[in-house]
Amino acid sequence: MLKKIKISLILALGLTSLQAFGQENPDVKIDKLKDNLYVYTTYNTFNGTKYAANAVYLVTDKGVVVIDCPWGEDKFKSFTDEIYKKHGKKVIMNIATHSHDDRAGGLEYFGKIGAKTYSTKMTDSILAKENKPRAQYTFDNNKSFKVGKSEFQVYYPGKGHTADNVVVWFPKEKVLVGGCIIKSADSKDLGYIGEAYVNDWTQSVHNIQQKFSGAQYVVAGHDDWKDQRSIQRTLDLINEYQQKQKASN
């Protein structure tokens, strides 16, 4: 009986420690995905509903590469502080996968802390029209990067969530960062489509499937990223939306 009590106490203390660790930084949740690649999740409210935004960062021998940014500028510093605390390395590069604030909103901040910032020329054009901070460097829709010993690729699949949405492929890890063109497996609808190209979206997702058929993990832009049925769910949601549009006409 005493042995059982001791085990229960150990488990309880362990759980408390884990919970406390998770609560050290309520602004950002970080999960190790594979090797030196981490998923970070932040939260914000849209139309009265709280959503999670997912992106990744890669720890290289030169420093940390951040894809996109925390959702909300109030989380930027705590995020980079957490990275330094966890890995002892600074953010040296930031890439925005489209022009919305949950992706490109950190370009100015990352630039100010000394990181090189990047976006596609298409994203840069949109940001310029909206008088928003822009990346220091721009590139055409597709580009391969090498940072130290690490490599990854930015790919433009076509229009979908926005005209400028790109995905990021990590070949060694076989991880695809889908951004907002890929909906989570638990999504109920396509979300914000004010700048979407729904009629192009299906083909763009098929382009992703064909090019990255060897992906072991696909990280959806919002909410649950662990359920790997996100690509099929995205296609289903597009079809459902189109069918409703046809029925209403």
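Using the three backbone atoms N, Cα and C, a Cβ is placed for every residue, glycine included.
Features reported for this protein in Swiss-Prot:
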type    : residues               : note
SIGNAL  : 1-22                   : signal peptide
BINDING : His98, His100, His161  : Zn(2+) 1 binding site
BINDING : Asp102, Cys180, His222 : Zn(2+) 2 binding site
BINDING : Lys183                 : substrate binding site
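Neighbour density at the Cβ, taken as the number of other Cβ atoms within 10 Å, is lowest among the binding-site residues His98, Asp102, Cys180, His222 for His222. The number of other CB atoms found within 10 A of the CB of His161 (Zn(2+) 1 binding site), across every protein chain shown, is 27. Around Lys183 (substrate binding site), a 10 Å sphere centred on its CB holds 28 further CB atoms from the protein chains shown. Excluding the listed site residues Asp102, Cys180, His222, the same chain places Tyr51, Ala53, Asn54, Trp71, His100, Arg103, His161, Gly179, Gly191, Gly221 with Cβ atoms within 8 Å of the centre of the Zn(2+) 2 site Cβ atoms.
Listed in chain order, the extra residues whose Cβ falls within 8 Å of the Cβ center of the Zn(2+) 1 site residues His98, His100, His161 are Thr97, Ser99, Asp102, Arg103, Thr162, Asp164, Asn165, Gly179, Cys180, Ile181, Glu195, Gly221.
Annotation note: Asp102 (Zn(2+) 2 binding site) sits in a helical segment as assigned by DSSP.
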